Amino acid sequence: MINIRFPDGSIREFEAGVNSLDVAKSISPSLAKATVAAYIDDQLKDAKDAINSNCELRLITVKDPEGLEILRHSCAHLLAHAVKELYPSTEVTIGPVVDNGFYYDFSFKESIGEADLPTIEKKMKELAKKSAPVSYRVVPKAEAIEFFKAQGENYKVEIIDSIADEQVKIYTQDNFSDLCRGPHIPNTSVLKAFKLTKLAGAYWRGNSDNEMLTRIYGTCWATKEDLEQYLNMLEEAEKRDHRKIGKVLDLFHFQEDSPGIAFWHDNGVRIWRQVEDYMRASNNKYGCSEIRTPLIADFSLWQKSGHASKYAENMFATKSENRDFAIRPMNCPTCVQVYNTKLHSYRDLPIRMAEFGIVHRNEPSGSLHGLLRVRSFTQDDGHIFCTPEQVEEEVILMVQQCFEVYKDFGFNDFAVKIALRPENRIGDDETWDKSEQMLKNALDANNVSYELLPGEGAFYGPKIEFHLKDAIGRSWQCGTIQLDFSMPQRLGATYIDKNGEKQVPVMLHRAIVGSLERFIGMLIEHYAGNLPLWLAPVQVAVMGISNNQDDYCKEVFTMLEKNGIRAKLDLRNEKIGFKIREHTLLRVPYLVILGKNEQEQKIITIRKHSGEDLGQMSVDDFCAFLDKQIQAKE
């Protein structure tokens, strides 16, 4: 007999060789039905793995985040199974889990399009209903290579060749086998709520020199209700797509001459200025001085900073007069150069610098997505140089600033996470231990709850991430606060301590809205283009019922502009109903409609974008009304 301890502290006896499914059945049939895996002494295992010794056990169900990930990974295998049934000559490659779903890359011998997805999905449902048990075997690499080579799965052979371990796992369901670390669901009947969503192209291993594969995306959920809710959200997201709204509102455009870099139009620049001016005022409030540094620097600077060895593939390089240069992918190394121009005492610290710095990153063309994923963007970077003793207080201030900013922009629901050391990093473990603990202490001191993200920190330090939830429930990773002991040392930043000795300052990197391009894209989708008054590119449209009111329209328009209102004058010889509809589609918050009565009484009639009639008032009263709303960020 063995003893199994449960999360509530209780201990029960079981026969040696029992598995997690058996344990779940002994508690309740419904629990067994929902169980897909288990943590056995903190190791995630398949639900049918035998337990042969005393242990701590935590069952994982489809309702747990880990369970949902297993469900989605297993659904990717089901997709590959269905594709092999329908198109036997197809070679399968990889099928990972992504946000809200999964994808699988295939090398098809025949042409496949979006129209084929319903057929593949139907086959997936047929296979799932067979309730085929899912099992695995551990085999030597050589045996696995022979197994997949015999099936003509050359991509799998290449993957196995690249694995350092001497043994690998092969999972099997019915007549389909796939290479995988697992764990997976106990049987295919668990997969009930899934849908294939789209098809795209993807290069093998992300390298454009390799074959273009067909990537099929899907989503999978614990229940059909969850799936339906997600699909409804996707439908709503389609309506809010910032690329479509940006075209309607004449904000920006993209073209192939400059892939991944936006061309901003007048209306878009108006929004940009509001965001930038707001952040500039916020930085002033929190004691940041503003700097501006070069976009291009000698490649030796990037070698010193560590970017050349860790980030070179994402950097744009150029050559001039036999010197190698790089266009900056990040602002921090050039900011350190400003700090280094003066001798600093510990009494000078903290020194807070802010920069709206343009950066360029060589993102793969397939990953570009409107304003949300670009190759050139402006970052609202801040860099704070301080002593180790000042770190926690500075982080607390930055967290407060972030919370304040997000609420003013209308994001009231957000989560805080700490991204911990990645595998590819600079600096020793002792420094990383100290850095990670400092961020935890700062959040604890501010009573901020947070989630830990192992392996997701920057190569030079851990970071706090702010994830904002938008109006339709999507989560957006936005601001970051990063702790860095390494870069100031590598770039020669120092200060004189109270003993007259040179010390290296701690460097805090922070971005609150992050990429201004991406943040504006988020705002457009969050508000479905109906931006709050203070952000709207055009706040008021002024129009007359007939051309007889043109002079009065001009007079009202001029008064609004003098009061700092972003107004648009519409004197076109069109029917008033047409003008109202057009400016409503353009999401103008307020429409001023002027007729003979308004002209004679020197008043205005106001209509909200929603269609609500606000009645009549003087221009001065309307300006005061607008100003109050703008100041309140409503």
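Positions of Cβ are set from backbone N, Cα and C atoms, glycine also.
If you look up Swiss-Prot, you'll see 1-61 marked as domain 'TGS', on the strength of sequence analysis. Counted with DSSP, the domain 'TGS' (1-61) comes out as 14 helix, 29 strand, 18 coil.
The region 'Catalytic' annotation in Swiss-Prot covers 241-532.
Swiss-Prot lists Cys332, His383, His509 with the feature Zn(2+) binding site. Annotation note: Cys332 (Zn(2+) binding site) sits in a helical segment as assigned by DSSP.
For the recorded Zn(2+) site, residues Cys332, His383, His509 set the reference point as the centre of their Cβ atoms, and the other residues of that chain within 8 Å of it by Cβ are Met330, Asn331, Cys335, Val336, Asp381, Gly382, Gln482, Asp484, Met487, Met507, Leu508, Arg510. Packing around His383 (Zn(2+) binding site) is summarised by its Cβ count: 26 other Cβ atoms lie within 10 angstroms of its Cβ, all protein chains included. Residue density at Cys332 (Zn(2+) binding site): 22 other Cβ atoms are found within 10 A of its Cβ, drawing on all protein chains shown. The average pLDDT computed over the region 'Catalytic' (241-532) stands at 93.
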